[in-house]
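Taken from Swiss-Prot, the feature coiled coil covers 47-68. Taken from Swiss-Prot, the feature domain 't-SNARE coiled-coil homology' covers 165-227, and the record attributes it to sequence analysis. Annotated N-acetylserine per Swiss-Prot: Ser2, in sequence order. If you look up Swiss-Prot, you'll see Thr4, Thr79 marked as phosphothreonine. Among the features that Swiss-Prot reports, phosphoserine is placed at Ser45, Ser75, Ser125, Ser126, Ser129, Ser205. The annotation region 'Disordered' is assigned in Swiss-Prot to 128-148. What Swiss-Prot lists as topological domain 'Cytoplasmic' is 2-238, and the listing cites sequence analysis. What Swiss-Prot records for 239-259 is transmembrane segment.
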Amino acid sequence: MSYTPGIGGDSAQLAQRISSNIQKITQCSVEIQRTLNQLGTPQDSPELRQLLQQKQQYTNQLAKETDKYIKEFGSLPTTPSEQRQRKIQKDRLVAEFTTSLTNFQKAQRQAAEREKEFVARVRASSRVSGGFPEDSSKEKNLVSWESQTQPQVQVQDEEITEDDLRLIHERESSIRQLEADIMDINEIFKDLGMMIHEQGDMIDSIEANVESAEVHVQQANQQLSRAADYQRKSRKTLCIIIFILVVRIVIICLIVWGLKG
């Protein structure tokens, strides 16, 4: 199901799109972590690193898109009867999105560290290695050099080669892109933090209204209690007055009867 933001305002469709994106981000984070675990092993290759970079950029784009959708979801018009359910749904989406972003950013930081380590190894190998066989790529040999427990190198003073420079430039460019992507995720975290803060203010306002209502109810109960007490006292007073009147009437009747007798 496709969704065009800003058109239609279908909350159910938008919520489904947000949930789908969150699931994709979570799955991509798992795949990125799995790929990171292959770096520095015999499975490492330029193609693997390229795939890793593409997966990171795709996930970063998903995160930006999801952030925009959640903002739009919170601004959709709603009826008073739907407000509570809409808020619960938004809170759940924000919580799930925050969890998926946390895992993704953790993988991003690990990827950046791996790239920095790779650049350092390229620079180091250029200074200590006498060169690599012509039938193998520089990056393949670096992977092999990393995986060996006791690499054998021929120490020579040799200037850095063009291949080394190319690899370094590529990896440094990848590092800069990763750092920019990490900053993008930080901005999204700020947006989510603002949403949570606004929700907290709303909750505080609701709690204040509830407390105010409770105070009013207590005051009303006290007034009702006082009214009931007053009513009971009034009835008691009325009964006493009636009793006194009856007694007086009886006395007067007795006196009149006595005079007649």
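A Cβ is built for glycine as well, from the same backbone N, Cα and C atoms used for every other residue.
Over all protein chains present, the Cβ of Ser75 (phosphoserine) has 9 other Cβ atoms lying within 10 Å. Cα of Ser125 (phosphoserine) to Cα of Thr79 (phosphothreonine): a span of 66 Å.
With every protein chain in view, the residue among the modified residues Ser45, Ser125 whose Cβ has the most Cβ partners within 10 Å turns out to be Ser125. On the 0 to 100 pLDDT scale, the coiled coil (47-68) averages 94 in this prediction. According to DSSP, Ser45 (phosphoserine) sits in a coil region rather than a helix or strand. In this structure the C-alpha atoms belonging to Ser45 (phosphoserine) and Ser75 (phosphoserine) are separated by 46 Å. The DSSP secondary structure for Thr79 (phosphothreonine) is coil.
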